[in-house]
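Worksheet: one structure, shown below.
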Amino acid sequence: MAIGEKITISVIKADIGGWPGHSRVHPQLIEAAEEVLAKAKEEGTIIDFYVAYAGDDLQLIMTHKKGVDSPDIHGLAWKAFEEATEIAKEFGLYGAGQDLLKDAFSGNIRGMGPGIAEMEITLRKSEPIVTFHMDKTEPGAFNLPIFRMFADPFNTAGLVIDPNMHMGFRFEVWDIKEHKRVILNTPEEIYDLLALIGAKSRYVIKRVYPKEGHKISKDEPVAVISTEKLYEIAGEYVGKDDPVAIVRAQSGLPALGEVLEPFAFPHLVSGWMRGSHNGPIMPVPMHQANPTRFDGPPRVVALGWQISPEGKLVGPVDLFDDPAFDYARQKALEITEYIRRHGPFEPHRLPLEDMEYTTLPGVLKKLEERFEDIE
């Protein structure tokens, strides 16, 4: 392949067993997935791959020519997760296979448990991308940083001074409860956009597109986020959604530093212990993506890549492995210490409507007959 041709980048993740508890991925699970993907690369199914982890989530990063939602690619990811799950079961790892919510692959991995972010793009002369991997949180955790990357001039100077970005971007927002979507233009609809995405447990940014007149086609995404909600698939709490994202950078898009800048502020996200608490998202290098304190605080890893003209993944560069993010980490720990002192009280604990898949409904049912009217 060559510059100007179509290539697909797929990031597919699943929690298939923690070591120990919910803290990290066992190295042999990574090796098992690597073996499956290496064989697929030899056979020409994929161009290149890398297996990463964030907390207890196994992360598959692949390039290929098969487009988004390819049964071949999704089936390959499912096979990698199944092979790793067998080892997880052999070792007795915690929650072995917990994100594989169906017994057999049926052509598309969506709705089966794993989280997916994919984009088919026209390869530029230089194609820098960042893959983000979060643990112990939900898809809405990306709302604030993605907004800042592509719509906040206080974060992204290019929106003001780069003529190729000055027209702004289009945001595809999903209502994940009503299963509807809307596309909003920035900067002209910025307040409408914020009205929605501020409610991060319901309205999530799914994709960002250029506008008409940009050097990149307006139908080609420049950012994509996984939006799978595990509880909607399983019907019960089986773990937080732990989203992933792919963001393109440079040359009419946010520069690499503008893509990373939002994470200098450890904003509050939902998830953490038992998926039922608010806490700060802490930017960390991959080797520190091992949530321990109260199963947290929630983590985000940023891996930087260049896509070669042949579609190879040149990288990764562990972008948060940098003292420039030490202050954000320290601030996240201060917020952690403060908010943990609330114990089982809101706003540390999530509001009632987000506690549906915990013991709380059972407690209310048990006490139902003891409630009396107040005169």
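A Cβ is built for glycine as well, from the same backbone N, Cα and C atoms used for every other residue.
The active site, proton acceptor annotation in Swiss-Prot covers D15. In the three-state DSSP classification, D15 (active site, proton acceptor) falls within coil.
Residues or ranges marked as active site, proton donor/acceptor by Swiss-Prot on the basis of sequence analysis: Y237.
Positions annotated as active site, schiff-base intermediate with DHAP by Swiss-Prot, on the basis of sequence analysis: K240.
Using a 10 Å Cβ-Cβ cutoff, D15 (active site, proton acceptor) registers 30 neighbours. According to Swiss-Prot, the feature Mg(2+) 1 binding site maps to D15, H22, D56, Q98.
Annotated beta-D-fructose 1,6-bisphosphate binding site per Swiss-Prot: H22, Y94, G107, N108, K136, Q250, S251, R274, D295, Y357, in sequence order. The Cβ of K136 (beta-D-fructose 1,6-bisphosphate binding site) has 34 neighbouring Cβ atoms from other residues within 10 Å, across all protein chains displayed.
Marked as dihydroxyacetone phosphate binding site by Swiss-Prot: H22, K136, R274, D295. DSSP gives R274 (dihydroxyacetone phosphate binding site) a helix state. Using a 10 Å radius centred on the Cβ of R274 (dihydroxyacetone phosphate binding site) and all shown protein chains, the other Cβ atoms total 19.
Positions annotated as Mg(2+) 2 binding site by Swiss-Prot, on the basis of sequence analysis: D56, D57, D135, D242. Within 10 Å of the C-beta atom of D57 (Mg(2+) 2 binding site) sit 29 other C-beta atoms, taking all shown protein chains into account.
When secondary structure is read from DSSP and collapsed to three states, D241 (Mg(2+) 3 binding site) falls in the coil class. The Mg(2+) 3 binding site annotation in Swiss-Prot covers K240, D241, D242.
Positions annotated as Mg(2+) 4 binding site by Swiss-Prot: D241.
Under DSSP, D135 (Mg(2+) 2 binding site) is assigned to a strand (E or B) in the three-state scheme. The subset of binding-site residues (H22, D56, Q98, K136, S251, R274) lying with their Cα within 10 Å of the Cα of D241 (Mg(2+) 3 binding site) consists of K136, given in sequence order. On the backbone, the CA of S251 (beta-D-fructose 1,6-bisphosphate binding site) and the CA of D242 (Mg(2+) 2 binding site) stand 30 Å apart.
Reported as a whole number, the C-alpha separation between D15 (active site, proton acceptor) and Q98 (Mg(2+) 1 binding site) equals 6 Å. For D295 (beta-D-fructose 1,6-bisphosphate binding site) paired with D242 (Mg(2+) 2 binding site), the C-alpha to C-alpha distance reads 13 Å.
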